[in-house]
Amino acid sequence: MSKADLIVGLQWGDEGKGKIVDHMAQTHDYVCRFAGGHNAGHTIVIGDKTYALHLIPSGVLNPKAKNVVGNGVVLSPKDFIKEMEQFDNLEGRLFLSDKAHILLPYHADIDQARERMKGDKAIGTTGKGIGPAYGDKVARVGHRLGELLHPEKLASKIIAFFEMNKPVFDAMGVEMPETVALLEELEGYRKVLAPYICDTTQLMWKIIDEDKRILLEGAQGTMLDIDHGTYPYVTSSTTVSAGACSGLGLNPKDIGKVTGIAKAYCTRVGNGPFPSEDMGKEGDRLRENGHEFGTTTGRPRRCGWFDAVAMRHAVRVNGVDQVALMKLDVLDGFDEIKVCVAYEFEGKEIDYVPYDLEDVKPIYKSFPGWEKTEGAREFDALPETAKSYILALEEMIGTKMGIISTSPEREDTIIR
């Protein structure tokens, strides 16, 4: 029996998981997505082509790899089908869980209405409907992909759902969809997606028993986890390593090596606490150097320095075996590089993540910068100050930086 390798984000998402999944997918038979929706995105550069993936696992770019979308995902059929159109020959290479929940256009309408109602207290969601779709799942009124294979049953459920929820739609000022039109839309989705829908839990057990090499990929990052993140400024799913089990039907003994992904600095999209955010010129420089604009929304990302306190928290929560440090080259040319090494909280210095990050202040340690790391493919090729920075981060978080990325290109990756 094999064990599945796991990739998980350690910050607030957008860490660069796509490049590492693409890199590791070259040696794996299956790549499996366990949570999230199309609010998150991977950007992968191969040669002169750039791929933006939101729902399809990154293994799709390896013609030998097969791809699984697990039951922990909420899937927008419209957006998924659009994403499928980028690729040929997906049949036999793509498997969608019949237990994954369907995200429909009215979920996005509700999401956006809620954000408007909150005013300056808005969370800053992508407005894609992820929260309402997960809300329906937890409230036991959601619709699952397997129901697309049984149109009559799905139709009766949708009619009953709208009858029950009409007062909710009216109260929020959201126009309720026309039932017949929605059912016709779903029938179109069924024709495209039906060949890919199956019991992926049974598939996962089978490929583990067959000793296949399996890679599990999450979405977003630990600090956006519904339980362990900066609640309520979080996503609605489990983004940490434990979510791979519930989101794919695995047990903890099925999990092998855990690789955590982190940038050499920090970014965040949307509202919520961000202790090491730099609101000045250096934050702007990080954003420009790193092209920090959302894959899904195009929104500029908030930028700041590496937060070693939050990183230690994430490493422990996820049981990380090694860290992949991304975008080291974005720090090229800085005279000084800061790292948040502790927080000031209620008049005291602390080295852990408290209940609420809103009121903490960062305590920084400065490191000398370097001229160039871009394109380096060997650790010894890095400037001495860059190597010292990496070794210092390792000591702070208690885990080895086993992979270091020095550009968006697939080949510009250091393996230690």
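Each Cβ is built from the backbone N, Cα and C atoms, and glycine gets one as well.
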Residue from T125, T126, T201 that Swiss-Prot also lists as binding IMP with D14, E15, G16, K17, N39, A40, G41, H42, R140, Q220, T235, R299: T126
Per DSSP, three-state class assigned to P300 (substrate binding site): strand
Collapsed DSSP category at T43 (GTP binding site): strand
Entries of G13, D14, G16, K19, H42, T43 which, being recorded positions, have CA atoms within 10 angstroms of T126 (IMP binding site): none
Cβ neighbours of T406 (GTP binding site) where a neighbour is any other Cβ within 10 Å: 26
Integer Å distance between the CA atoms belonging to D14 (active site, proton acceptor) and T43 (GTP binding site): 9
Site of maximum Cβ density within 10 Å, from binding-site residues G13, G41, P300: G13
CB contacts for R301 (substrate binding site) [other CB atoms within 10 A, all chains]: 22
